[in-house]
Amino acid sequence: MNETMLAAETLVTDGSGESTPYGEANLTGVAVENPSLVEGLLALAMNASGAERCRLQQQAEELLQDVACPSFFDMVSCWPRTPPGTLAVLPCFAELKGVQYDSSQNATRFCNVDGTWDNYTEYDRCLHIEQPSPMPSFEPEIELPTLIYYVGYSISLAALVLAVAVLVYFKDLRCLRNTIHVNLFLTYIMSSSLWILILSLQITVKLEVAGCIFLVTLFHYFSTTNFFWMLVEGLYLYMLVVQTFSGDTLRFRKYAIIGWGGPLIFVGAWAIAKPFFGSTSNLEHPNKLEIECSWMRESHIDWIIQGPSCAVLVINLIFLLRIMWVLITKLRSANTVETRQYRKASKALLVLIPLLGITYLIFIYGPVEGVGSHIFAITRAILLSTQGFVVSLLYCFLNSEVRQTLRHHFYRWRDERNILSGKVNNHHRSLTTTTSAPLI
């Protein structure tokens, strides 16, 4: 744009009859008297920005004695030295603040007879060029994982809601162990629902800053509670197997303080520190998942909540190793009913911990370029978004106790319906016999 601004069309005629730019014609005479000074200023002007170039030209023109409008920068274009009573003409800028303009047209500014510039520059002919709307492109590294997350979270949400309804509705399933499972399911439900809600609002409407901060804070809270209730699951089984205490030794209130109260401390500290630290993401090319809200962008402050989550995964891994060691020792000595119960619980934890723990640890870092980054993003989306579905499958729908309870209630409902249907049929038959009896 600087070259365009300096391409002035204001010309004067020199003594030889050839047309030369007015500024060049005047500076030639000065160059004869002070060649080193003018050459130095012009050399600096060639490598300077538009505003700086005009300033350097003005310094060079101070040596001239004739009346003329000096070089002037109007915050858009650099107008060259122009003789009085002349209309200066410059081609329109091709681009300004990211907007394309028609550079085939000209902008004008009038130089008054007293050698002062007019107050107004005529940019009316510099019209904005309408750019054709780009065709939407499908970007696998962004669009496909987002779609997978949306579908996976939706499936998990439906399965988790049904699992919670089953565990809460049937009184036969109410115990401390299942109560812990229900709370774990609730954290999955809330985090999945908030993710879907934030994405839907991003696509449909522009979310206000206050609403964005509220939803993002809630999302981080329930995501962190998810990890802490995983810790409660590991702690409960550890107390049951390794410490050889009843799992009911720790009452539910203590588990609830760990699962719901612990994340409040870390998320509260994160919410206090977040406004004072900027994001580290590239603002020129933001991720499509980001709402225009600084709280959605990643920063090193996020380790206030990510650090405890990683610590939970490590603790659960330690719990798992200790539990497996105790079980192997007991299985070598005897195969009692109690040991079989421990083995069942450990199998469930053995499936849960790699899925929720090691999966997260694997996907903390990954490739950022090439085909590997696409495969990494898609695999991560599939495994993380379907965790809730898998957990509900392991701890509810495939659980033998739950299946036996559902089967028992189904048979009971079927028998009651058959009995009721039999009574209705008997009553109907008696009415028919009474009606058809002959009158004496």
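Along the chain as shown, residues are numbered 1 onward.
Note that Cβ sites are derived from N, Cα and C of the backbone, with glycine treated the same way.
Over in TrEMBL, the protein carries these features:
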- 53-130: domain 'G-protein coupled receptors family 2 profile 1' (DOMAIN)
- 145-399: domain 'G-protein coupled receptors family 2 profile 2' (DOMAIN)
- 147-170: transmembrane segment (TRANSMEM)
- 182-201: transmembrane segment (TRANSMEM)
- 221-242: transmembrane segment (TRANSMEM)
- 254-273: transmembrane segment (TRANSMEM)
- 303-328: transmembrane segment (TRANSMEM)
- 349-368: transmembrane segment (TRANSMEM)
- 374-398: transmembrane segment (TRANSMEM)
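Below 8 A, the CB atoms of the transmembrane segment (147-170) and the transmembrane segment (254-273) form no more than two pairs separated by six or more positions in the chain, fewer than 3 in all. Contact between the transmembrane segment (182-201) and the transmembrane segment (374-398) is present: at least three CB pairs lie under 8 Å, with pairs separated by 6 or more positions in sequence.
Residues in the domain 'G-protein coupled receptors family 2 profile 1' (53-130) partition by DSSP class (helix H, G, I; strand E, B; coil) as 9 helix, 26 strand, 43 coil.
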